[in-house]
Every structure is written in C-alpha cells, then in structure tokens.
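Novice: Summarising the annotation, Swiss-Prot assigns Zn(2+) 1 binding site to H78, D140, D196. Marked as active site by Swiss-Prot on the basis of sequence analysis: D80. Per Swiss-Prot, the feature Zn(2+) 2 binding site maps to D140, E174, H379. Here Swiss-Prot flags E173 as active site, proton acceptor, drawing on sequence analysis.
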Amino acid sequence: MDKLLDRFFNYVSFDTQAKANVKSVPSTQGQRKLAQALQQELLTLGFSHVTLSDHGCVMATLPANVSWPVPTIGFIAHLDTSPDFSGKNVNPQIVENYRGGDIALGIGDEVLSPVMFPVLHQLLGHTLITTDGKTLLGADDKAGIAEIITAMVRLKHRNVPHGDIRIAFTPDEEVGKGAQFFNVAEFDAQWAYTVDGGGIGELEFENFNAASVAIKIVGNNVHPGSAKGVMVNALSLATRYHQELPVDETPEYTEGYDGFYHLQSIKGTVERAEMHYIVRDFNRDSFEARKKNMVDIAKRVGKGLHRDCYIEIVIDDSYYNMREQIIKHPHIIELAQQAMLDCDITPIMKPIRGGTDGAQLSFKGLPCPNIFTGGYNYHGKHEFITLEGMEKAVAVIMRISELTAKRAKES
C-alpha cells in the first residue's frame, strides 16, 4: 500500500478529538500521544531540530540541500479532530475506482450518496477513503500531516532542490487554540502554509472575523399562581432576545461572503438562562456592527427590569480575517497558485467560512494561507478523502518548496 495511505491510516487510529471549554492545551491526551508518535517518526526519518513543546506542538526541519540562500518556509497541520463527532476507533474504508451511486458506510443503513453530496459525481474513477458510518474520518487534518511528511520525505529522497523547510503539527485547532502557544520565533520561517483545506485546488487567504458571545440572563421565580408583576422569566427573555436577531442571517441561510449569528446553545430555568452564540463576518466593520447589535439588543430586552434581574453579555474575539495580513505579501499566494498550475491543478480561490491556525499566525507575524488536503464533508460521518487529492496535495507542497529555491537562485 502507498506509504502516504499507511501514514494516514496510522494517524487516524489515534483518538485526538478536541474538547471545548478545557483550560489545558492540548485539551485531550490523545493529541499528546499522536504528537509523541510524530516526534519519534520524524527523528527516525532523519529530520533535524525535532521538538515537542509542553503544549503538544511538534516542530521539525528538513535542512536545505542547495548552496544558495533560500527563504525558510513552513507547512503546518493540526493534530486534533472536531469535538462535534467521535474520532474513536476510526475504521476507514477504501473504495477503489468509484463507479458512482451510493457507498455503504459499514454495516447498516448509513450511505455516502451523490444525491446529498453531488461532488461525488466529479470523482468517478477515483479511490475514495470513507468512514464506516460510526465516526468521522479525521482527514481534517491528519491528511494534512500525512501529506506534509510524505512531501518532505520525497523531497529528500528525490533530491529536489529546496531551502530549509520547517514543519509543525499543532493541537486544538478545532477549539480555536491551535496558535495560542505556537512559538513563531522558534518556528523561524518567513511564511508558511496550513494544509487544512478541502477539495483539490482550494487556496484560501480569507477567513471570517470571529467572536464568541456568552449571555447570562437572571430572572425571578415565584409561584406561577401569584406571579403577576413579580415573576421575571429568564427563558422568556432569552427567546425575546433571540427573536430580535435577523432570521435570515444564520448559518443555514448564508454562504460565500455572508456573515451570520449562530445560536449554539440555550439552557435555563425561569430563574436563570444562558445562551451561547458565535458571530462571523468577513468585513471588519460589519463584524464590529454585529457585536454592537448584540449589545444593543441586550440593553433593549433588559430595559425596565427589576434591579436584581439583568442581562449580562460577554463578547470575546476569537480570530480575525487573515486577508489583512496576507495581502501585504502577494508573492505567497502567487507562489502557491503557480505551484498548483505546474501540477495541472486549477487554483480555486474562495473564502474560508471558518478559521484556521493560519489566521491567528498571520497576525503573529507569520503570513500563512491555507491549501487543500483533498478531503470533503469534515466533522461528521460522511467525511471522506480521495487518494488522488492527497497525492496532488503532496505534489503541490513539493512544488512550492522547489519554486521557492528556484526563484531565490534567479533573484
């Protein structure tokens, strides 16, 4: 079996599901176990400067094999899988030469259907790797890890000219902490690419501005038979609050460059209620306006309440649109575009309706757009990837590395 797939299957065997609302990084021990395994693998493969931080970030260097000065570049992927779906006991299925139609996911009624996922129509003849319907696959982002390491090994064995290349594998990307303890100075690259995208050709340097919003509503509970003028129902206030938000500006009604408000959870009693939202927008001004709107709604709904009853709102910015930083370094995008074209791939430039480690790293001084892995339908049982997509990602990583050295020689 191809070594690329061997690596991928090994990595997905580790349960690295991240946990939200955990103070420690990494948030789960499985991530640390995978990090330790990668550290040993990189040492065995002969990489230099292999390190594993206290927070589970693995770094290593593939030393230059050319005599002229070349900018140090980097490639980054993340160890963890989504907290939204189990990543324990992943059992990948290989579907060779896909001929169309439904693909049974394990034993049972679960299928991967082109009716629900029309992209399958474009993948006839490809080798698909799917789940067994019980877990996610973990292509997000263990495919990225496998692709980066495989690309580095091939660069070395085929003696393709390249400068120093830094690689890193980070924890807790899925819960927004991947870059929190990433040491940019230690990584010491002029720019990098996260390998954390989707289908073949994806090249992304725009992402949401993102914030989390926690709302606490304190009411007053008395017997409903004698409640008139006294009871303040926190749940009623919560529903009033939510109804003040625009109905069509939610994830299920938005796409492309549209922003949204998303109610993730609501719980409570008459006495007390809690709501958790996320706010997303590509435009910084619109992003700030959305946050202000949420504060204004809290003031309106809470107006006139008894002094012991109130609405408290806490807004935390998570990350910003890396476009602000990337456009200062247009050659980084142009280089990736050219590498894809050289690999017979049409670059697909589109905004990330989410975030990556690269977003935070770009604001820490490491410009870091995102390139594809070849995977689809992340964060659930319908996740899959194509072997052809993985091989293309490896080829692009290698070509970016080669082009960087080639252009440095010519300049």
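Glycine is no exception: its Cβ is also placed from the backbone N, Cα and C atoms.
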Novice: Identify, in sequence order, the residues in the chain of D140 (Zn(2+) 1 binding site) that are 6 or more apart from it along the sequence and have a CB within less than 8 Å of its CB; answer 'none' if there are none.
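Specialist: Residues satisfying the criterion: T81, S82, D196, T373, G375, Y378, H379, E383.
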Novice: Please report the Cα separation of the residue listed as 'active site' and E173 (active site, proton acceptor) in Å, rounded to an integer.
Specialist: 7
Novice: Reported as an integer number of Å, what is the Cα distance between E173 (active site, proton acceptor) and H78 (Zn(2+) 1 binding site)?
Specialist: 6
Novice: Check D140 (Zn(2+) 1 binding site) against DSSP and tell me helix, strand or coil, would you?
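Specialist: Looking at the DSSP assignment, D140 (Zn(2+) 1 binding site) belongs to a helix.
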Novice: On the three-state reduction of DSSP, what should I expect for H78 (Zn(2+) 1 binding site)?
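Specialist: Assignment for H78 (Zn(2+) 1 binding site) reads strand.
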Novice: For the recorded Zn(2+) 2 site, whose residues are D140, E174, H379, find every other residue on that chain with a C-beta no more than 8 angstroms from the centre of their C-beta atoms, and list them by sequence position.
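Specialist: In sequence order, the nearby non-listed residues are D80, T81, S82, D84, L136, D141, Y378.
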Novice: Name them in sequence order: residues not among H78, D140, D196 whose Cβ is within 8 Å of the mean position of the Cβ atoms defining the Zn(2+) 1 site.
Specialist: A77, D141, G144, E173, E174, T194, V195, T356, T373
Novice: Where E174 (Zn(2+) 2 binding site) and H78 (Zn(2+) 1 binding site) are concerned, what is their Cα separation in Å, rounded?
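Specialist: Rounded to a whole number, the Cα-Cα distance is 9 Å.
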Novice: Counting only residues 6+ apart in the same chain, whose Cβ is under 8 Å from the Cβ of H78 (Zn(2+) 1 binding site)?
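Specialist: Spatial neighbours, sequence-distant, of H78 (Zn(2+) 1 binding site): D141, G144, F169, T170, P171, D172, E173, E174, G178, T194, D196, D357.
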Novice: How would DSSP class E173 (active site, proton acceptor) in three states?
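Specialist: Reduced to three states, the DSSP call for E173 (active site, proton acceptor) is helix.
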